[in-house]
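**Q** One structure is given below, represented as structure tokens, and several questions about it will come after.
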């Protein structure tokens, strides 16, 4: 009787105060409409981000992929390992540990491109890293999950939606490619599009967070450990990505880019994998973790962007006063440097 007082009548799974409620028709319709609108908006924003990518520099990154290799190590080395360490350290349930690891094995999210723009990052590197991580996720996700989930579950039971990964790749590559073409043909118009798109991108990030709150409004209680992991995980990704890029000799603006590409995960993909791989009973204790991670990765990203903007204002608006500008003056003007935009380790 007490359970009925806590859970609503149409709850499918009840465990104390933890309930899972089936989606109503209204939620299904709302989900389809909002997903369609967000997909269109995201494509438009990525088109505008592509207007800041130069074809020569982008191809230079592909030909001499030192920075991309650093990003690859962060994305599929640091993040899965950090997920494993946090799962063991907090001694969470096996099913919860698997979800944390799935999050760590996901490729970078497209929001990282927008944030990289706001912190004056290397957009050519940002787009190339997001594209490569999404493409490589087709093989790296199963491999990482096989390595790290052995002690908790059979990795064969985890369903990886390759069609969703392919869709994400197309949704990223096509609009960015069009934006690159516009930047090549009409650079002045591309600058106007970029300014509009950067503002729209900031609005889109907030909108995604609000939509997530609307679509996952069913109330259930999860363990405090998952909240703690959801808070630490993205911060660790941002911090370790920045440090590793700096150790690898990348200039400051590329370190900021790698940091966002590392900590900003594709949480929508993680949610899809979780829904396909677990039973309703298991979902009751894990389904909200992707949303928790999404909230904190956006919150801390906003804080970092705020700190950077404040730093620029305190140290003058002239870019020459920023550390990376002084560092770039010291970089050798070699042919490879000019070809690849300084996409080499700094000379010590």
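Cβ coordinates come from backbone N, Cα and C, glycine included.
Automatic prediction, not curation, is the source of TrEMBL annotations.
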**Q** Between the candidate ranges 10-31, 32-53, where does TrEMBL place the transmembrane segment annotation?
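**A** It is 32-53 that TrEMBL describes as transmembrane segment.
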**Q** According to TrEMBL, transmembrane segment applies to one of these ranges: 268-289, 290-311. Which one is it?
**A** 290-311
**Q** Under an 8 Å Cβ to Cβ limit, what residues of the same chain, 6 or more beyond the ends of the transmembrane segment (226-245), are close to it?
**A** 67, 70-71, 73-74, 78-79, 82-83, 86-87, 90, 92, 96, 100, 103-104, 254-265, 286, 288-289, 292-293, 295-297, 300-301, 304
**Q** Can you work out which residues elsewhere in the same chain, 6+ from the ends of the transmembrane segment (65-90), have a Cβ less than 8 Å from its Cβ atoms?
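**A** That would be 96-97, 100-101, 103-105, 107-108, 122, 125, 128-129, 132-133, 136, 140, 144, 147-148, 225, 228-229, 232-233, 236-237, 240-241, 244-245, 248, 250, 254, 258, 261-262, 265, 343-345.
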